[in-house]
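One structure is given here, and the rest of the page talks about it.
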Amino acid sequence: MANYSHAGDHTILQNVSPLATFLKLTSLGFIIGVGVVGNLLISILLVKDKSLHRAPYYFLLDLCASDILRSAICFPFVFTSVKNGSAWTYGTLTCKVIAFLGVLSCFHTAFMLFCSWCSVLGLCCCVYR
């Protein structure tokens, strides 16, 4: 996606072939759909099955919740931006908030994966067994 935040003339960014735009939108739609539905199904399974109420599965539930929020909040803005020819039409504040949420989600996922790895190896004293 182009780094272009001016609301003025953005005809340079709209010179993308319709096939490329279609493929991008189809891919993003597929990622959004699979991300939300798949993680929601895993979350429901983790909540309903009482035998999965243990620490490693709580990490997985947290990762699912983070991925659902990213797929449901950040990706639709990217989808609309690609649909508009990679022009951001929501304003500077929304751009910064969505970018912050995307980066926060990535760092949160990395941190949770690190914590779960440490808990498997028994390295962290902050992870209760």
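Glycine is no exception: its Cβ is also placed from the backbone N, Cα and C atoms.
Residues or ranges marked as domain 'G-protein coupled receptors family 1 profile' by TrEMBL: 38-113. For 25-47, 59-79, 99-128, the entry in TrEMBL reads transmembrane segment.
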Confidence summary (mean pLDDT) of the domain 'G-protein coupled receptors family 1 profile' (38-113): 91
Tertiary contacts of the transmembrane segment (59-79), as residues 6+ beyond its ends and Cβ separation under 8 Å: 1, 25, 28-29, 31-32, 35-36, 39-40, 42-43, 46-47, 90, 94, 98, 101-102, 105, 108-109, 112-113, 115-116, 119
For the domain 'G-protein coupled receptors family 1 profile' (38-113), the number of residues DSSP places in helix, strand and coil: 65 helix, 0 strand, 11 coil
